[in-house]
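K.L.:
Below is the structure I would like to discuss, written out as structure tokens.
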Amino acid sequence: MGQKIHAFMFPWFAFGHMTPYLHLGNKLAEKGHRVTFLLPKKAQKQLEHQNLFPHGIVFHPLVIPHVDGLPAGAETASDIPISLVKFLSIAMDLTRDQIEAAIGALRPDLILFDLAHWVPEMAKALKVKSMLYNVMSATSIAHDLVPGGELGVAPPGYPSSKALYREHDAHALLTFSGFYKRFYHRFTTGLMNCDFISIRTCEEIEGKFCDYIESQYKKKVLLTGPMLPEPDKSKPLEDQWSHWLSGFGQGSVVFCALGSQTILEKNQFQELCLGIELTGLPFLVAVKPPKGANTIHEALPEGFEERVKGRGIVWGEWVQQPSWQPLILAHPSVGCFVSHCGFGSMWESLMSDCQIVFIPVLNDQVLTTRVMTEELEVSVEVQREETGWFSKENLSGAIMSLMDQDSEIGNQVRRNHSKLKETLASPGLLTGYTDKFVDTLENLVNEQGYIS
């Protein structure tokens with residue numbers, strides 16, 4: 001056993017990144033290592049309750065500089081629409097002096113980062129090791145190693161003919177296009193210059209994509225597993241929702257959640273509501289109000305609330321509380337999960353007993369959906385038109401292809417999902433990834449002689 005290390009963590013300013021970083025920080029602290037977590041001041045309040053080792057993990061709040069185009073007070077991705085993410089990335093770059101000062105004062109042995117591509121250069125100058133820890137899918141990294149390829153055509157050496165973009169995915173690529181070139185530069189620069197690469201995944205899901213990344217960058221790729229938090233048994237699902245769900249039959253309720261960054265156009269939001277209504281099943285939808293609307297209520301289709309009264313609810317107040325999602329998925333009445341296939345939601349769906357329907361919105365979500373739907377065959381994807389629009393009929397059809405007891409597709413998907421979940425839930429598998437990662441990291445840092 002080597003010396004204990006002091007690790008800095010500096011993730012992208014989005015809760016979908018900061019949260020798994022903190023879960024990994026908890027694992028490091030559990031093993032006796034020290035963690036300094038660099039994050040925006042406002043984010044600290046929302047993450048403090050997930051710090052299980054406050055004596056081992058110290059939050060280091062950052063002042064987010066003013067940037068023209070970034071709304072006053074915005075410090076995380078959930079504070080802004082996707083179109084403004086580029087300004088948040090500029091603000092992150094402007095914290096460089098604060099990061100450098102913290103490293104100089106606290107002398108860590110290692111800094112983990114993802115989108116701050118300048119970290120390796122700075123860390124090297126200060127004799128600190130750097131690790132790019134990617135919390136999104138390995139598939140999206142592997143695919144984008146060769147940019148600018150033809151849609152539907154695998155890049156050279158890419159290990160899949162299924163996890164690809166297609167013509168009707170242009171909406172997802174265009175949605176993020178303003179940030180995409182910057183993102184690609186950031187990520188590839190970080191991958192090339194860092195000392196170590198680690199990814200929040202496991203071989204059972206993305207092994208061949210991790211091998212491809214390793215072969216391209218000639219660096220060992222360490223896997224942490226999904227970094228799912230331990231269930232907080234002290235905070236069960238609120239009684240009003242538990243009782244409401246319990247009023248329906250086992251496995252009959254459709255739960256839909258599209259993440260804190262997804263804001264649909266009003267007409268697409270209404271089509272989502274109508275599509276779920278069309279199934280005839282009880283449902284619970286947790287989404288943000290659509291563009292141009294202040295509340296969910298004002299944007300609902302005409303007559304919708306009256307038609308679904310007693311069997312359906314569309315709610316807009318949970319999207320900032322992702323810890324509720326696994327509690328809902330675990331309720332025995334919930335039988336189907338409609339999701340955007342964010343990487344955290346993907347793992348939560350896999351570890352549930354629900355049938356899984358994906359409506360990917362952003363580029364990495366599209367590729368992860370293809371792995372789940374076409375490689376592993378544990379879910380279905382809602383088909384979109386060339387414009388990116390999905391119809392109520394396609395949404396309803398996707399849900400019912402899984403929820404109809406006589407559906408051959410539904411039964412096959414359920415068997416595949418059950419088998420994969422059994423593998424992932426086998427004793428020690430996922431915790432083994434984390435334990436191995438921590439031990440390997442400790443050895444790597446000690447071997448390099450940078451322990452302070």
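Along the chain as shown, the residues are counted starting at 1.
Placement of Cβ uses the backbone N, Cα and C atoms for every residue, glycine included.
Marked as UDP-alpha-D-glucose binding site by Swiss-Prot: S260, 319-325, 340-348, 362-365.
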K.L.:
Around W347 (UDP-alpha-D-glucose binding site), which residues of its chain at least 6 apart sit with Cβ under 8 Å of its Cβ?
P.N.:
P226, L228
K.L.:
Give the number of CB atoms, excluding that of W324 (UDP-alpha-D-glucose binding site) itself, located within 10 Å of its CB.
P.N.:
17
K.L.:
Once near-sequence residues are set aside, which residues in the chain of C341 (UDP-alpha-D-glucose binding site), 6 or more away, have Cβ atoms under 8 Å from its Cβ?
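P.N.:
When sequence neighbours closer than 6 are ignored, C341 (UDP-alpha-D-glucose binding site) has F358, I359, P360, Q365, V366, T368, T369, M372 within Cβ distance under 8 Å.
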K.L.:
Quick check: in three-state DSSP terms, what is W324 (UDP-alpha-D-glucose binding site)?
P.N.:
helix
